[in-house]
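Per Swiss-Prot, the features are as follows:
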- S2: phosphoserine (MOD_RES)
- S2: N-acetylserine (MOD_RES)
- S46: phosphoserine (MOD_RES)
- 114-134: compositional bias 'Low complexity' (COMPBIAS)
- 154-234: domain 'PDZ 2' (DOMAIN)
- S162: phosphoserine (MOD_RES)
- S269: phosphoserine (MOD_RES)
- S280: phosphoserine (MOD_RES)
- 287-306: compositional bias 'Polar residues' (COMPBIAS)
- S290: phosphoserine (MOD_RES)
- S291: phosphoserine (MOD_RES)
- T293: phosphothreonine (MOD_RES)
- S294: phosphoserine (MOD_RES)
- S299: phosphoserine (MOD_RES)
- S302: phosphoserine (MOD_RES)
- 307-319: compositional bias 'Low complexity' (COMPBIAS)
Amino acid sequence: MSADAAAGAPLPRLCCLEKGPNGYGFHLHGEKGKLGQYIRLVEPGSPAEKAGLLAGDRLVEVNGENVEKETHQQVVSRIRAALNAVRLLVVDPETDEQLQKLGVQVREELLRAQETPGQAEPAAAAEAQGAGNENEPREADKSHPEQRKLRPRLCTMKKGPSGYGFNLHSDKSKPGQFIRSVDPDSPAEASGLRAQDRIVEVNGVCMEGKQHGDVVSAIRAGGDETKLLVVDRETDEFFKKCKVTPSQEHLNGPLPEPFTNGEIQKENSREALAEAASESPRPTLVRSASSDTSEELNSQDSPPKQDSTAPSSTSSSDPILDFNISLAMAKERAHQKRSSKRAPQMDWSKKNELFSNL
C-alpha cells in the first residue's frame, strides 16, 4: 500500500511494563477461531493499567519479536523470560480491523515511521496556536493527536440473539459504572465498546451519580437498541482535570482545557486565603466576643454604675471593707450574709412524695 495510506492509518500501541510486587497485572488468553493471543483482564492500579494496556487488546509483539503465530505457552515463556520489564505491541479491536482492511502489517516500526515525519509538527502547531485560531478546534485537534483521542465515544448497538454482549460492573474504589468485559463478535464489540470504559450517558440521559440498578434499568428501557456514551480511562482522567462532565457535544465540538499550573496555584491560593479567612477570625472572634461581653456587662452595669460609684454605703456595708464598725458587728454581718445564701429549708412533710417520685 502507499505511504500516504499508511500515514493516515490508525496506529498500534507500545506498552512498556515494569513488573510490580504482584507481577504485571494482566491476563492473557487465546480465543477459539481467532489467531493470536489477547488481553483478557487488566487489574486496576497494576503496571499493565498504568502502561495503557486494555482488555480486548491483541498482542502482536513481545520485546520487538512478532508472536502472532506462536502458541499461548510460547508467548507466556517470552514474557517470563523478560525478567522485570517487558515491551508489548498491541492493537485494540477497532484499530486491528482497520489495519487489516488497509492491508497494513502491524509492527513496531510503524510507530517509528509515524514519529519521524511528525517532528516538525509541534513547532507549526505552536505557531497556529499563537495565531489564536480559536474558531477551528478540529484543526487544533489534528495538530494534537493525543488530544483528538481524548473524546467520549457514542456506541450504538442493537440487541442480538444473546443480548448486547457486555458485562456491567461497579468498582468500590472508583465512582461510576464500568464495562467489565465485551464478548467477541457481539453487538457491543461491533459498536466499539471496550472493557474498562465508563458509562456517562444511556440513550442521552446522564448517568453520573446513578446506582448500578439505575443504569441497568435505563439500558433495558431502550428496548432492542441502546446508545451508550462512554469514556476510556485516559479520557475520563482528562475531563476530570478539566472539571467538566463529558457529553455528546464533545464528540466533535471543542474540547475543554485542563487547569494549568498557574490556575491551580490561583485556586490553591484562593483556597488558602479562604481557609485563612475562615480560621483567622477565630481568635479575633474570641476577642470581639469577650469585648462584646464586657461591653454588655458595662452597659448593664452603667445604670448601676451610679449605684456602684454613688453608694459608698454599699461598700461600707461590707464587713471586711468597713473599718469603722466593731469586730462583733462585723462578725454578725458576716453571719447574716452566710445565712442569707443558704438554701431554703426543705418541707419534710413532702419527703415521702419526693422520694417516691425518684
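Residue 1 is the first one shown; counting continues down the chain.
Every residue, even glycine, has its Cβ placed from backbone N, Cα and C.
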Count of other CB atoms lying within 10 Å of the CB belonging to S46 (phosphoserine): 18
Cα-Cα distance linking S162 (phosphoserine) and S46 (phosphoserine), given in Å to the nearest integer: 32
In the chain carrying S162 (phosphoserine), residues 6 or more apart in sequence that have Cβ under 8 angstroms from it: D183, S186
Segment confidence, the domain 'PDZ 2' (154-234), expressed as mean pLDDT: 90
